[in-house]
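Student: Okay, handing you the structure first.
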Amino acid sequence: EVMLLDEPTTGLDCLTANQIVSLLSELAHRDRIVIITIHQPRSELFRLFDKIAIMSFGEMVFCGNPMEMITFFSNCGYSCPEQSNPFDFYVDLTSVDTRSKERELETYSRVQLIVSAYKNSEIFSKVLAAIERIKCMKELPPIPFKNKDSPSAFYKLWILLRRTTRNFSRDKMGIIMRLLQNLLFGLFVAFFLLRLRDDLVKGAVQDRVGLVYQCVSAPPYTGMLNAVALFPPLRAISDQESKDGLYKKWQMLLAYIVHFLPFSVISVAIFSTFIYWTAGLYPDASRFGIFFAVVLASHITGELLTLVILGVVQNPNLVQSGVVLLNSAGVIVGTGLVRTIEEMPTPFKILSYLTFQKYTSEILIVNEFYGLNFTCGGANSSTAINAACIFSHGVQFIEQNFPGALSRFTIDFLILYAFLPGLAIIAILSFKIRERIIGR
C-alpha cells in the first residue's frame, strides 16, 4: 500500500502536526510506503523520517536518512548550526534565490556543486545498488496502480457507500436530527390533536382527516430536506472524480440512496410508533404495519424526487422550491382531502393518477376508517337533529368521499411502492444526462 500526502501539516499547530507525522511514521513501519511533501516541519520531527529527499529545479540534491544528510552536508562544508532546524537550514541552502541575477547565478552554482557532490558520494552509490538489486529479484510484487483491470461496479459502489457513511457519521448532531426530524413533527401534531375520539360532534371525522392530511404532506417534505442538505456536496465530488474516470456519477447517487434507506426506516418507525398509538388510530397491529409502510414510502419518494431534480438543476435552493411546489400540488390535486376527486375538473382528475399522494391518502383513509363505528353526542341525541351526525360507520365516509377505494386498496399499495424503483431509475437517468452535459 502506497500513501501519497501533499503537505499534510500545513495550517496546523505544532502539536497536531507532530501527532500526524508520528502517526504516519507508525504506518510506514507497518508494511506501508508513506511519501509526503512537508513545509517548515518542526526540528523534533527530523529523526522520524526514514528517508529525506531534497529537490531543486527538478534535480535530486540529496536522498538519504537523517544522519546521512547531516554528514553529507557537513562534508560539503555546510555544517548545520546547533540551534538551527536541519530542515530549514538545508532547504534554504539548496534553494535558488531569484531576487537578482547575481544571486540567482550564485545560488544556482552552489546547488549544482551539491548535486555533483551527491552523485559522487557513497550514499548515492548505495541508492543505485539498491535499485539494481531490486531489479534483479525474480519475483517482483505487483504494483496495484499499474493493474489494468478496473474494479467492478459493485466494488466501486461499496467503496462509495462506505466513504459516504463514514463522512456523514462524523456529524453526530446531523445523525440525531435525521432520525428524530419526523418525531419532532409528530410531537407537534400529537400535542395539537391529543387523543382521537369516536364522537362525530367532537370532530371524530375531521380530526382523522386532518391527521391523514398531515401524514401525507409532511413526510415527503422531510425527505426533501435531507436530500437538499446532504447530497449537493456529494454531487460536487462526483462531478470532479467522475471526470478522472474513477466511477460514474450515477454510482455516487446509488450509494447515497442505499445510505439513506436505513435512516429513513428508523426515522419513520419512530414517528409512526409514536403518532399511531399516542393519537389513538385504529388499534390493530396489522393496520399499524400498513400505516408505517405507507408513510415510509411517502418519505422515501420525497427524497428520490429531490434527487431526480438535483440531477438536472444545479442550484439546491431552486430544487427545494420546486419540490415544495410539486408536493403541495400533489397534495391538493391527488389526495381528495382538499376537494374530492369526483368534483374536480377532468384534467385535474387525470393528473391525480400521476401523484403518489393519491394512493397514499386512499390507503390511509381506508386503513383508518374501515370497520370504525361512530357515536353522536351521547346516547339520547338524534342523528336527524344534529347535522354533524351524517355517518354511523367509517365505511360510509369512504364510499362517499373515496368511492371504490376499498376495492383498490391492494392495487393502490402496489402502485405507491412502484414509485420507488421508478423514481430511482429516473434519477439514475438524470445523472447520466448530467454526465453527458458536463462532459461536453
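Just so it is clear, glycine is given a Cβ too, placed from its N, Cα and C backbone atoms.
Any TrEMBL annotation is an automated prediction that lacks curation.
Note that this is a predicted model, so its numbers are computed, not measured.
Among the features that TrEMBL reports, domain 'ABC transporter family G' is placed at 39-125. Among the features that TrEMBL reports, domain 'ABC-2 type transporter transmembrane' is placed at 156-369. Taken from TrEMBL, the feature transmembrane segment applies to 175-196, 253-277, 289-310, 322-341, 413-431.
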Student: Determine whether the transmembrane segment (413-431) and the transmembrane segment (253-277) share at least three Cβ pairs under 8 Å, counting only pairs 6 or more apart in sequence.
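Tutor: Yes, the stretches contact each other.
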Student: Go through 175-196, 253-277, 289-310 and flag the stretch with the largest number of C-beta pairs under 8 Å relative to the transmembrane segment (322-341).
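Tutor: So the stretch in question is 289-310.
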Student: Hey, which bits of the same chain come close to the transmembrane segment (253-277), Cβ under 8 Å, at least six residues off its ends?
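Tutor: Apart from its flanks, the transmembrane segment (253-277) reaches 157, 160-161, 164-165, 168, 175, 178-183, 185-187, 189-190, 211, 215, 219, 222-223, 226-227, 230-231, 234, 238, 288, 291-292, 295-296, 299-300, 303-304, 307, 311, 424, 427-428, 431.
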Student: Same chain, outside the transmembrane segment (175-196) by at least 6, Cβ under 8 Å from its Cβ: which residues?
Tutor: 168-169, 204, 207-208, 210-211, 214, 218-219, 222, 225-226, 263, 266-268, 270-271, 274-275, 278-281, 299
Student: When DSSP states are grouped into helix, strand and coil, how many residues of the domain 'ABC transporter family G' (39-125) land in each?
Tutor: 47 helix, 11 strand, 29 coil
